[in-house]
Amino acid sequence: MLTAVLLSCALLLAMPPLQGAQMGPAPLEGIGRPEEALFLELQGLSLQPSLKRITEEQAEESLLQEAEAKALAEVLDPEGRKPRSPRRCVRLHESCLGHQVPCCDPCATCYCRFFNAFCYCRKLGTTTNPCSRT
């Protein structure tokens, strides 16, 4: 029994070298110079495009500008919203208390009064809200 276990262990240890498997990272010494590249016809091609270097402040500023522009476009575009189907929405001035469905008008919201005891769909308009112009 012991000989079978030892023989199995020896075979398992000898299998990778016999199959030509390489343990660990591949040796990459000497490939750093273009004249020693493996594929000389591909040495001029770059797989990754060169990136423009910018400072951290510039990157953060551009990211914030993109996020603000996207958020502003979503808020100021009520025409982009589709009217909801009448089966799954509450009409204007009807009770929306306890309903999990939205108001039919895309510019309306469920407005609650008296400690959320009385709720109905209503258009809330302000001077900055594009829905108030309708």
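Heads up, the Cβ atoms here are built off N, Cα and C, so glycines get one too.
Of the listed residues C89, C96, C104, C107, C96 is the one Swiss-Prot pairs with C110, by disulfide bond. Matching Swiss-Prot disulfide entries to the candidates C112, C121 identifies the partner of C119 as C112. The disulfide bond recorded by Swiss-Prot for C107 joins it to C131 [selected from C9, C131]. Residues in the domain 'Agouti' (89-131) partition by DSSP class (helix H, G, I; strand E, B; coil) as 2 helix, 15 strand, 26 coil. Among the listed disulfide-bonded residues, namely C89, C103, C107, C119, C131, the Cβ with the most fellow Cβ atoms inside 10 Å is that of C103.
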